[in-house]
Amino acid sequence: YKLSVSPEMDIMEYCRKEWRGNTPAAKRMRKGYEAVAQKFASIRRIRGDNYCAFRATLFQALSQATQVPRWLQSEDFTMLPENLLSKYDWIKQWQLRQKPGKRMGEISDEIKEYLILLRKKWKNISEIKGPLEKQEACDRLFKNEEEEYSLYEALKFLMLNTAIELYNADKSGRRVPVFSWLLFARDTSSNPCQLMHNHLNHIGHSGGLEQVEMFLLAYALQYTIQVYRLYKHSTDEFITLYPNEPEEDWPVVTLITEDDRHYNIPVRMCQETML
């Protein structure tokens, strides 16, 4: 049994344990961690199993949630699987985590359940007032493997829905964010159907999220994802925002990565930073 989100640990202590040598890479990592330690006191390690970008982002979003996002409250939110299936037959080839080969006609109800679960958990956790109790509720949720992976299925489906919206907006001549062009400029995802087959269906199984998919996740959640990319320390990509020009009213979550593949989370903002 592996913990999904490990208990917190002092950031610099963690850094000293992980990066002992005197190689240029180790020196750069230490500098990166020192910069993060100006803002945050602790780090929590995220379990690495190709879902870590989802896990880190969702854990951070829930642990600071004080309200349910507007898109999660909308009437037709839970009708998404049915609505999309009625327009796009190819969605029947969606791959569910524990049920490869199950047909989408049969699983639209399951995805609906995952969406309902996401809404319920978000609502319950956002209503908890005390920070300690909120943290404990998040820890409990991320120890329940069945529920946790169901939430990632919901996130993946929301990413597909967002991709379809962006693709259609671009085709009808409306303005779309730059990452959307990049997303559909790839040979492997020139349209939402290919994106599903070659990317979304594989997330959590044989791969994690690529850079351009971090943008898609941010848009699906309507959250700004701020990432300290430690190996880019002392370049202007050290702190990267997804999306680059976020909406002002989007909440911000912060992650740390050493390689753009695995993500951990910084916690406990230093007092002076909060002021």
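Just so you know, glycine gets a Cβ as well, placed from its N, Cα and C.
Going by TrEMBL, these are the annotated features:
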- Asp49: active site (ACT_SITE)
- Cys52: active site, nucleophile (ACT_SITE)
- His262: active site (ACT_SITE)
- Glu237: site 'Linear diubiquitin binding' (SITE)
Compile a sequence-ordered list of residues in the same chain as Asp49 (active site), six or more apart from it, whose Cβ lies below 8 A from its Cβ; state 'none' when nothing qualifies.
Gly204
Does His262 (active site) have same-chain partners at least 6 apart in sequence with Cβ under 8 Å from its own Cβ, and which are they?
Ile46, Gly48, Cys52, Gly208
Does anything in the same chain, at least 6 positions from Glu237 (site 'Linear diubiquitin binding'), have a Cβ under 8 Å from its Cβ, and if so what?
Arg229
For Cys52 (active site, nucleophile), the number of other Cβ atoms found within 10 Å of its own Cβ:
23
